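**Q** What Swiss-Prot records for this protein is below:
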- 14, 16, 100, 248: Zn(2+) 1 binding site (BINDING)
- 16, 17, 18, 42, 137, 220, 252, 264: substrate binding site (BINDING)
- 100, 137, 175: Zn(2+) 2 binding site (BINDING)
- 100: N6-carboxylysine (MOD_RES)
- 248: active site (ACT_SITE)
């Protein structure tokens, strides 16, 4: 078993960098590993058009570490009022690479999201025409639907219909959490792909709920039972190009997580590729990591692969108990615990 693993530099096809003072921390953590990242638009207010995307992009670029070539790939936040013209303008910008469907109320800062899928059909038609992928948070939000069933319900009620109605539209089913979602993506046409997070590969709902509630495992879509975790691992290590890396790294200040009504999100960007390496090693599939992390994503988006490389070494190190997050701190995934792989920094 090798103690070194060299990969083409990976990209993160789903990340939350937040805004303001937090960018000084989140951008550096992402840029340490990734060449590019699809940046989620659920700010307050959300990123709804090309002008707002450009302003956010400039704030991210200003926060890059010195000499970093990290490239933020911007995303529009779809609303009931997103027009075809806004889609075309965004595509023409060259820096907006996708548009995101948040069902209203599904997750953090999604209150401005889509209330009925039919309301965005005009925008989806334009996206199919110009070649802009649709990114989907795939959960229904009706109160009577159990939180553990909301992803499957979304597939049955909405996603099948969207894929059938817009056969040329690229669709990324983001942060899939169930065997149902993995099966749907496998069986769907080639224009449908999915991202999988490190935390959904490494953990299941027992980790969050057994022996006490652990708020830093709480995320949306929520961790599912271990059979779904195993199905996600099967998909990730399969070599199927429909599945690729998307951390959904989503930081919240400690006080917003460790509270009676805590926010959803796990912060993994600080050690993302190391965490994925652990998951793939569990399946004796480190040889499949480069495809999942570095090849499948750019191929799906029609972007060039990165040409530089990173190296991981088998070396134990302790994850920090907390990290700076703007004016506060964030408790990262695996805080205070031992990680088994370490990114070899440039020049080391």
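Just so it is clear, glycine is given a Cβ too, placed from its N, Cα and C backbone atoms.
Burial and contacts for the listed features, if you can.
**A** Same-chain residues at least 6 positions away in sequence with a Cβ under 8 Å from that of residue 248 (Zn(2+) 1 binding site) are, in sequence order, 14, 15, 16, 174, 175, 195, 197, 199, 219, 265, 266. Secondary structure at residue 248 (Zn(2+) 1 binding site), taken from DSSP and collapsed to helix, strand or coil, is coil.
Within 10 Å of the Cβ of residue 17 (substrate binding site) there are 24 other Cβ atoms, across all protein chains. According to DSSP, residue 17 (substrate binding site) sits in a coil region rather than a helix or strand.
According to DSSP, residue 100 (Zn(2+) 1 binding site) sits within a strand segment. Under a cutoff of 8 A between CB atoms, and with a sequence separation of 6+ in the same chain, the neighbours of residue 100 (Zn(2+) 1 binding site) are 40, 41, 42, 75, 76, 77, 78, 134, 135, 136, 137.
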**Q** Max Cα distance spanning 16, 17, 18, 42, 137, 220, 252, 264 (substrate binders), Å?
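**A** Output for substrate binders 16, 17, 18, 42, 137, 220, 252, 264: max Cα distance 19 Å.
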**Q** Specify the count of other C-beta atoms within 10 Å of the C-beta of residue 42 (substrate binding site).
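**A** Here the count is 22.
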